[in-house]
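*Asks:* Take this structure first; my questions come after.
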Amino acid sequence: MTFPFAWRWGGLALAWGGVLGSLALTPALADAPAAVLALPWVSSAVVLGLPHGAVDPLVPFAMRGEPLRLGPLARLCVAYLALGALVLAAWWAAPTAAAVGFVLLTWAHWGQGDVYALRALGWDAHLAGPAQRVLAGAVRGALPMAVPLAAHPEVYAEVVGAMAAALQPDGAEAARRLVLGIPSAVVWVGLGVLIGVYAMWGAVVGRRRRAWRSLGLDLAEVAGLAVFFAVLPPLWSVGVYFCLWHAVRHLARLGPLVADGSARRLSLYAAPATLGALALIGLVFADALRGRVASVGAYLVGIAALTVPHVVVVAWMDLRQHVWTGR
Ligand SMILES: CC1=C(/C=C/C(C)=C/C=C/C(C)=C/C=C/C=C(C)/C=C/C=C(C)/C=C/C2=C(C)CCCC2(C)C)C(C)(C)CCC1
Ligand SMILES: [Fe+2]
């Protein structure tokens, strides 16, 4: 469970470049129009974001060291699509509940991705076992999902409303009201407690194991991301995080596994399903893809449908690689 040299440093440079570069642009981004803030989402359709899930059906073969076989591959793709279709049905039937479920699933999935990254970077010496790793995942996932909620509730409500309206035009209001009903102070206190407990637990274990370096690097990332999500407009910060942080780290995990470490080959493998997914999103949401925030909302619901099977694949990888339980 390590990132090869080039992927490790390339991944860290992109992730931190995105965070620090955005922070440097804060004054310009603060008043930027929605068309600019949506740019990370637009580019995610072809680079890093959408492609990061597009090789999912190849993963089981690669992990078992088996050659690709057309029959099982087709069955995996059909199962992937069927699960996605079920998720879309849920968005149609109960958009507010689906939006809440999606935010919670993203919290878990982005946290899960970062726990793997902490381990693959060798920054986990202060994490003693499964319970502490689960807390690490909860903290890492809370940064993109809960900090913008506390710091920018109106925008958060607008985006969640746009998602709820993607398949149910009058679904926005209930979702908006739900978000605006959560007091920011409660979210800030919750975040403070979560991160505080995590830091203290890390310090206790770090002291016992003399793991100051990994504790310091981990907490520096947590602090940097907390500032990033608190300060920048959420459409921008969550989009940049999705592409340059979450997707890059996942691709760094996949590259050596499915493409012999070649970024070019990985992009080639990812291209067909990326284009297929884009075509499907275009078809399903042809009506909703109007207006900047509305389009991001519809695109996010398309991604939400793909997220559920994607999380199944990543959870299976975690299990096989003993991410939560191994030493
Ligand atoms: C393979 C395959 C395919 C493809 C697939 C793919 C391509 C996948 C992908 C996947 C993916 C790509 C995933 C992703 C994920 C993502 C996520 C999970 C996100 C989330 C986000 C959110 C949730 C956010 C939100 C917000 C904002 C934006 C602002 C503020 C507010 C809030 C925070 C709300 C197909 C179908 C063709 C076929 C079959 C097979
Ligand atoms: Fe992912």
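Quick reminder: no glycine exception, Cβ is built from N, Cα and C everywhere.
Predicted automatically and left uncurated, TrEMBL annotations should be read as such.
Pasting the feature list from TrEMBL:
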BINDING   HIS52, HIS109, HIS246, HIS250  Fe cation binding site
TRANSMEM  40-61  transmembrane segment
TRANSMEM  73-94  transmembrane segment
TRANSMEM  178-201  transmembrane segment
TRANSMEM  222-248  transmembrane segment
TRANSMEM  268-289  transmembrane segment
TRANSMEM  296-317  transmembrane segment
*Asks:* Counting a contact as 3 or more Cβ pairs under 8 Å, with residues at least 6 apart in sequence, do the transmembrane segment (40-61) and the transmembrane segment (222-248) touch?
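*Replies:* With 3 or more qualifying Cβ pairs, these stretches touch.
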*Asks:* Are there three or more C-beta pairs under 8 angstroms joining the transmembrane segment (178-201) and the transmembrane segment (296-317), sequence spacing 6 or more?
*Replies:* no
*Asks:* Please list, in sequence order, every residue of the chain apart from HIS52, HIS109, HIS246, HIS250 whose Cβ lies within 8 Å of the Cβ centroid of the Fe cation site.
*Replies:* GLY53, TRP110, GLY113, PHE242, ALA247, ARG249, HIS310, VAL314
*Asks:* Just how many other Cβ atoms lie inside 10 Å of the Cβ on HIS52 (Fe cation binding site)?
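*Replies:* I get 25 for this one.
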*Asks:* Would you count the other CB atoms within 10 A of the CB of HIS250 (Fe cation binding site), including those on all shown protein chains?
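*Replies:* A count of 25.
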*Asks:* List the residues of the same chain that sit at least 6 positions away from HIS109 (Fe cation binding site) in sequence and have their Cβ under 8 Å from its Cβ, in sequence order, or write 'none'.
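*Replies:* Looking at Cβ-Cβ distances below 8 Å from HIS109 (Fe cation binding site), excluding near sequence neighbours, one finds GLY141, THR307, HIS310, VAL311, VAL314.
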*Asks:* Near HIS246 (Fe cation binding site), which residues of its chain come within a Cβ-Cβ distance under 8 Å, counting only those 6 or more away in sequence?
*Replies:* HIS52, TRP110, GLY113, ASP114
